Amino acid sequence: MGFLYSQLFKSLPYPTGNYSGKTIVITGSNVGLGKEAARHYVRLGASKMILAVRSLDKGHDAKHDIEGTTKCADNVIEVWKLDMASYDSVQKFAARVVTELPRVDIFIANAGIAPGSYRTAEDNESSITVNVVSTFLLAALVMPKMKSTAATFKTRPTFTITSSDVHGHTTFPQKSAPDGQIIATVNDKATAEKIWDDMYPISKLLEVLGVRSIAEQNPASKFPVTINCVNPGLCHSELGRDFPTIGFWLIKFFLARTTEVGSRTLVHAGSQGEDSHGQYMSDCEIGTPAPFVTSVEGKETQDRVWNELVKKLDAIKPGVTSNF
């Protein structure tokens, strides 16, 4: 009932505010929620908007579209290459952020995939690489720039991950794997294909657990950057285009929010202060994650998963998790 009420009856506030002087980065912003969130931020006066995209051509199409509707100056929006399926691309992009941008006030890690079948990217099933490993690698790599932004400009930046309420739609059977083997079990092809419909929810659950881990180890009172995650609800977007079931498309047709309305949740989450640190944002307010997340078993699983993820991230870029 909560999902139906949220989708059909919850009114989300139209974004307001003044982002003059702010630099904002949004990944996965050539289409969908990321593009519409970028449009809102530019409309509200953002001084610099970085569209981080896999396809530069599509990114430039998005740039021209946003410029056409907002009438912003032609130097506000920049299009940068980022392929979340490649650790090398993530590191090169983050290096540009650190060296070329004077400040980063808001970072919306919106890029994500929901593949229709098993395939790999780097050393994981593709949705685990894109939605989880590369997302937290990116967070760790840009955190020094966001911390310096806080110190230099006396502000509190925000790093927001686009998650989903489907994080509660899985029992996460791989949690019973031996210590140090949860992510490896998630990546196992035979295991994944048996519960394929759970794979995207599992990736979203791992995002929620990761955000909570960072915040628990780095409380807002001692950490100058707010890190949260946001559930935009079911929206009309490119995500899910690989889903073949007619049931999914019928549900989307009748219940999905427009892309613009869904994007309001991203803009809201990115503008929140320390009260949202470590929180799961939903319907433009602090929400409640799935019961498993806050259970004793959920906390134990969170700690185990985070320990594994830290080792994986530090193997990609030695010492990178010390940036948190």
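For all residues, glycine too, the Cβ spot is worked out from N, Cα and C.
Record note: Swiss-Prot gives L33, K58, D83, Y200, K204 as NADP(+)-binding, and the candidate from N18, N110, N218, N228 in that site is N110.
If you draw a 10 Å sphere around the CB of N110 (NADP(+) binding site), it holds 26 other CB atoms from the protein chains shown.
In the structure shown, across all protein chains, K204 is the one of the binding-site residues K58, K204 with the greatest number of other Cβ atoms within 10 Å. Counting neighbouring Cβ atoms within 10 Å of each of the recorded positions (L33, D83, S163, Y200), the lowest count belongs to D83. Secondary structure from DSSP puts K204 (NADP(+) binding site) in a helix. Take L33, K58, D83, N110, Y200, K204, the residues named in the record as contacts for NADP(+): the widest Cα to Cα gap among them comes to 26 Å.
Straight-line distance linking the Cα atoms of N110 (NADP(+) binding site) and S163 (active site, proton donor), rounded to a whole number, equals 8 Å.
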